[in-house]
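S.K.: Just dropping this structure here.
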Amino acid sequence: MTGFLVKRFLQALVVLFLVSIIVFVLLHMLPGGPARAILGPKGTPQQIEQFNHQQGYDRSLPTQYFMYLKRLFTGDLGDSYRLNSPVFELLKQRLPKTLLLTVLSTALAVVIAVPLGLLQAVRRGKASDYALTGLAFLLYATPVFFLGLIMIILFAQVFPVFPAEAPQGESVGELLGDFTGLVLPVVTMAFGIVAMFSRYMRSAVLDNLTEEYVRTAMAKGQSSRRILVRHVLRNALIPLATLLGLYLPTLFSGALVVESMFNYPGMGLLFWNAAQGSDFPVLLGVTLVVGIATVLGSLLTDILYAVLDPRIRSVA
Amino acid sequence: MTTTTAPHTAPGHEEAAQATPSLARRTLQVFTGNKLALTGVVLLALLLAFSYLGPLLYDTEQTHTDLSQANLSPGTEGHLLGTTDLGYDMVGRLMVAGQTSLEIGLAAGLLATLFGTVYGAVSGYFGGWVDAAMMRITDAALAIPAMFLLVVVAAIITPSKGVLILIIAAVAWLSPARLVRGEALSLRNREYVQAMRMMGGGGARAVFKHIVPNAIGTVIVNCTFQIADAILYVSYLAFLGLSIPPPSADWGSMLSAGITYTQNGYWWLIFPPGIAIVLVVAAFNFIGDGLRDAFEVRLRK
Amino acid sequence: MDDMEEPGGAPAPLLRIDDLRVDIASRDRTVHALDGVSLELAPGEALGIVGESGCGKTMTALSVLGLLPPGGAVTGGRILFDGQDLAAASAPTLQDVRGNTVGMVFQDPLTSLNPTMTIGAQVAEPLLLHRAGIGRKEAWARAEEMLRLVGMPQPAERMKSYPHQLSGGMRQRVAIAMALVCEPKLLIADEPTTALDVTTQHQILELIDTLRETLGMAMILVTHDLGVIANRVDRVAVMYAGKVAEQSDVRGLFARPRHRYTEALFAALPERAADRGTELHTIPGLPPSLTVRPTGCRFAPRCSFATEKCREREPELALSTEPAPEPGAESGARPLAEALAGAAEEDTERPGAGHRFACFHPVPYGDAPAEQVVTPPPAAATEPGDVLLELDALVKEFPLTGGPFARRRGTVSAVGGVSLSVRRGETYGLVGESGCGKTTLGRIVAGLEEPTGGTVRFDGRDLSGLSRAERRAHRRRIQLMFQDSTAAMDPRMRVGEILREPLVIQGVGTRADQERLTAELLDAVGLPRGAVHRYPHEFSGGQRQRLGLARALTLSPDLVVADEPVSALDVSVQAQILNLMRELQRERGLTYLFISHDLAVIRHLADTVGVMYLGRLVESGPAEQVYAHPLHPYTRGLLDTVNVPDPAAASGGDREPLRGETPSAAKPPSGCRFRTRCPFAEEVCASTEPPVSTPNGAGHQVACHFPLAATRLASAV
């Protein structure tokens with residue numbers, strides 16, 4: 001397994017390097033270049049020129065990239081000129097909250113999707129399978145913000161059981177303390193994922209049911225329920241780890257939309273507000289951090305997969 | 001005939017091979033058997049007719065605003081679904097917006113599929129270092145969630161229809177690229193490709209005569225999903241504040257304009273465009289799912 | 001309970017299948033897979049069910065435990081096991097029988113074990129399910145004991161292993177342990193050794209034999225392999241098109257088959273061919289598709305004895321003790337079963353007792369089947385010509401990669417220095433078990449792989465010295481015929497395009513020329529010219545192999561490398577293809593490099609034989625000589641291991657089957673690669689590579705320090 005892990009780790013490093021290049025390129029695509037991005041719209045031409053010289057932005061691109069990397073390693077992502085705070089500090093505060101939202105809704109989605117997919121597979125071709133498949137597609141086809149809107153109208157306006165706005169705590173603990181406020185954002189985001197996961201579970205269980213080891217299990221005298229739980233479910237669930245890794249970017253995208261819908265104080269909202277106000281240091285800083293989080297996250301799920309699947313665990 | 005054996009092999013005595021129906025026919029068969037796929041086709045046809053034939057039958061003013069007619073509720077005379085905040089007739093607006101959404105979705109989906117297919121086929125066929133390098137690039141591009149990338153790009157560029165198509169295609173091509181690359185990797189090791197190489201055939205023949213025709217099913221299926229996703233992207237872009245400025249409209253921009261009035265109870269500004277998006281995206285997904293079944297059945301044989 | 005009152009107080013059978021009917025429904029058609037199958041099995045008895053693919057043998061086995069595939073259903077008949085009708089049993093009842101009183105072993109040990117569960121958990125599972133009082137600990141202890149019983153080395157450690165860490169043979173041992181851990185009264189083995197190599201196959205069959213004796217259980221052995229069935233069972237049922245065609249004790253069946261189908265099936269075996277030079281007897285055509293119930297005898301369309309009567313009425317399975325009378329239509333299942341029980345009781349001593357068959361024109365008594373049929377003309381002996389292909393110290397190593405940047409972590413020695421020469425016009429048979437390097441060697445000759453070392457000379461020229469253009473032209477002269485024509489033909493191309501492709505690539509002729517040649521080739525391989533408009537999947541396995549041969553011949557090659565071209569085919573179809581290959585060789589002066597694991601096929605077809613083991617050519621020489629007087633202990637062991645489809649031959653002689661498993665090609669043993677399994681190995685075998693010698697005269701080479709002496713052989717053969 002070490003060979004696999006080392007290889008995967010090196011791959012992740014290469015990808016991180018490429019991510020930093022993409023963000024660097026974006027930085028240079030900005031109108032007025034990085035100087036405008038960092039000084040903001042109020043910077044005069046003289047200030048810009050001086051800044052460019054000071055920061056080395058008049059040197060060759062490779063040198064600039066090198067300097068950019070060096071700043072990254074010291075945690076210098078620039079300052080937000082709307083919030084008057086270093087981007088690094090802002091991210092340190094917001095990232096955990098976004099992770100909380102993502103983890104809670106993913107967990108909820110898995111808890112709903114696994115039995116749902118299993119049910120669909122067992123009822124394959126029956127009316128309930130068709131109904132659930134149709135429903136899953138409809139859910140998948142619904143933009144998350146439309147879903148959120150429906151949630152708000154239903155559960156905050158028509159039947160006011162949950163607040164339409166997320167809690168505004170400073171820390172993760174405070175957020176958890178105000179649990180009713182978390183319900184709508186978490187459920188909205190989970191629903192968006194349920195469709196994908198239940199679809200996967202259905203086909204994974206169906207695939208596994210045609211495997212010969214299922215027939216062997218039957219020949220031992222096991223009930224279908226036991227075969228499903230003891231044999232099929234395990235084999236269908238293991239690849240779900242990789243699927244989670246693959247869907248990380250989608251999850252973060254979903255978080256961006258949900259956070260701005262419910263005014264949830266995470267990274268997505270920070271990003272959205274920055275976009276409204278052309279706060280480029282924040283935009284690029286968040287983009288970079290989300291990219292890094294995705295790379296590390298998918299590395300983690302791949303390791304998890306390797307640990308769970310004996311075929312990878314014990315070979316090479 | 002007194003021996004138990006035929007002196008030679010028995011040509012023509014083997015059971016006549018069963019003729020199977022053509023691919024198109026078989027696809028049609030499976031398709032009509034799949035109720036969801038059929039639903040998808042009907043839905044799509046209805047939405048297309050609504051968007052393109054609708055304005056011919058139901059003529060409304062969709063260029064000039066009329067604020068005196070703003071936010072009329074459904075049922076107001078002459079306005080079946082009421083009017084928007086700028087006084088456009090809702091039904092007429094939905095028709096015009098549908099054209100934009102469908103066109104951007106189709107164009108972006110096709111463009112992404114085309115580019116992704118070529119990229120993936122090249123990566124998979126050459127393999128080795130070329131493949132590793134090309135795939136790390138897609139990994140990196142995938143690592144930055146599409147929505148974040150779109151917002152940054154939106155902050156830099158002013159949108160038009162063409163720009164939206166390009167932006168969406170630029171984030172959407174990654175999934176067909178990975179898919180086709182996987183297909184190409186496995187197809188190039190198939191025995192019939194080896195057999196062809198043994199006859200002295202080269203790479204171009206392998207790609208165009210064998211690999212592409214055998215991967216086409218995957219590509220077509222994925223293309224329908226891409227179109228669906230592209231239409232979703234259009235709506236997300238509008239939600240994030242990036243849509244073609246009025247008087248143009250798409251369903252996404254109508255929906256996000258409606259969000260502003262959630263508190264006012266102007267439901268007719270929200271649900272019609274929202275449902276339209278859900279229906280069209282679901283329709284393409286149903287069709288893609290049906291096509292996948294059709295292709296798989298054929299390949300299983 | 002009515003089945004207990006057998007006439008004459010015969011012991012109640014353990015299993016009685018009565019007029020069983022099974023339908024398999026799929027999307028657009030229904031196959032009547034079983035159409036009135038009746039069988040009986042006494043406690044402790046071994047019954048073999050044999051037949052070609054699609055005859056219903058596996059469906060019979062699966063239906064006993066209610067394990068039919070999706071769409072499959074029992075539509076009639078009874079399956080009485082221990083007085084209980086399993087065909088009508090409820091799910092809990094069936095679950096109670098499965099794995100408990102009836103154990104089952106499946107064909108493919110690779111896929112039939114759960115990949116993510118430990119061996120121990122899987123073997124212990126039936127105990128936990130069926131033995132109420134047994135806890136986890138005791139179940140594991142018993143499972144370990146069972147693993148020891150099935151010959152698993154280091155069973156305690158293996159309990160914690162996963163299936164992919166074991167070899168195919170070891171996995172099949174696990175499957176057997178799983179089936180037997182509850183000590184069932186009946187073991188059903190569905191092609192248990194078909195996916196395994198000859199030596200492993202032998203070991204597994206021996207193991208089943210031993211366990212059957214130890215545990216005193218009955219067995220149903222389902223196989224297509226007449227060699228396996230001849231040596232391992234008491235009675236045999238021959239199935240054809242969803243019905244039992246003939247049923248007898250094993251010696252009686254092989255000594256004098258009565259049904260014309262059985263007779264023809266035996267005659268198609270390469271082992272039964274009168275002489276190496278003769279053509280094989282074939283059965284024309286294919287079995288019926290079973291979507292509609294055929295009228296009359298199901299074999300009639302392919303039978304040369306068929307009369308109007310055969311085509312109109314269906315013969316009943318009847319005893320052969322009296323000359324078969326016109327079977328009345330009123331004879332139902334019940335009197336039949338009684339007759340069988342009675343006959344089995346009284347006539348166990350006489351050969352042919354209880355011998356039943358369903359044929360209006362059976363093979364008459366007193367006639368040995370092989371003499372009865374007219375021997376076809378022998379194939380013209382080909383005069384060996386000059387050397388066409390010469391391999392010199394050919395080496396092929398594959399890197400064993402893993403870790404970052406595909407770091408090289410070792411090599412697999414697929415071909416470890418092979419020298420051989422093939423003469424123009426001959427058939428060179430290359431034989432060996434899987435992993436011996438025979439396929440890699442064939443692919444190098446065909447130009448699909450580049451050798452790591454050594455030279456390939458073709459028609460006197462070293463191929464590595466060819467220019468690009470010469471190489472392209474050279475491609476025409478050697479063609480490969482694949483084992484699996486389905487995989488070797490583009491599913492999206494029509495047959496016409498597939499056959500023309502070599503000509504298009506090589507730029508031979510105009511389109512009209514190409515089409516004419518294609519048509520001629522279809523004639524030559526016995527397919528209708530209209531085939532050009534069809535897709536490969538529309539043809540049967542045998543027809544596709546004809547297409548594969550036709551494509552190999554389009555460029556008029558000198559040499560055809562045939563890699564296991566018949567191993568996926570049924571015996572009767574295999575005979576057709578082998579005859580066709582021989583016929584085309586005679587007509588076109590072809591040279592074949594014929595690669596196979598099947599000793600009988602090689603013996604029938606080859607002029608010269610090369611035996612490979614773990615990347616080395618251990619012995620080569622004229623076919624008759626190698627088979628009659630093998631010089632290498634491996635060749636000898638291989639010949640002793642093979643299941644001869646003749647129960648009389650199997651029991652006699654001092655056979656010394658091969659033991660152990662082939663070592664990994666990543667770490668081949670030093671010196672002689674066979675030494676780890678060789679009964680005669682000494683120190684020198686480990687230190688020095690064996691020299692090539694010719695103790696039996698020139699032309700018969702062996703690479704061994706201690707070649708078998710001629711005297712030893714004389715007594716053995």
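Each Cβ is built from the backbone N, Cα and C atoms, and glycine gets one as well.
TrEMBL labels come from automatic prediction, so no person has curated them.
Note that the coordinates shown come from a computational prediction; the quantities given were computed from them, not determined experimentally.
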S.K.: Can you say which of B:104-128, B:229-253 is given as transmembrane segment in TrEMBL?
M.R.: B:104-128
S.K.: So which range, B:1-21, B:22-42, gets flagged region 'Disordered' in TrEMBL?
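M.R.: When B:1-21, B:22-42 are checked in TrEMBL, region 'Disordered' belongs to B:1-21.
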S.K.: Any residues 6+ beyond the ends of the transmembrane segment (B:265-288) with a Cβ under 8 Å from its own?
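M.R.: Same-chain residues near the transmembrane segment (B:265-288) but 6 or more away: 36-37, 39-41, 43-44, 47, 71, 73-74, 81-82, 84-85, 90, 94, 97-98, 101-102, 105, 221-222, 224-225, 227-229, 231-232, 235, 251-252, 254-255, 257-259.
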S.K.: Counting only residues 6 or more past its boundaries, what in the same chain has a CB within less than 8 Å of a CB in the transmembrane segment (B:104-128)?
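M.R.: Counting only partners 6 or more residues beyond its ends, the transmembrane segment (B:104-128) has Cβ contacts under 8 Å with 134-135, 138, 161, 164-166, 168-169, 172-185, 187-188, 203, 206-207, 211-212, 215, 219, 222-224, 226-231, 233-234, 250, 280.
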S.K.: Counting only residues 6 or more past its boundaries, what in the same chain has a CB within less than 8 Å of a CB in the transmembrane segment (B:140-157)?
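M.R.: For the transmembrane segment (B:140-157), the sequence-distant neighbours (Cβ-Cβ under 8 Å, at least 6 residues beyond its ends) are 163, 167, 171-172, 174, 233, 236-237, 240-242.
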S.K.: Near the transmembrane segment (B:36-58), which same-chain residues lie under 8 Å Cβ to Cβ, leaving out any that are not at least 6 residues past its ends?
M.R.: 91-92, 94-96, 98-99, 102, 276, 279-280, 282-287, 289-291, 293
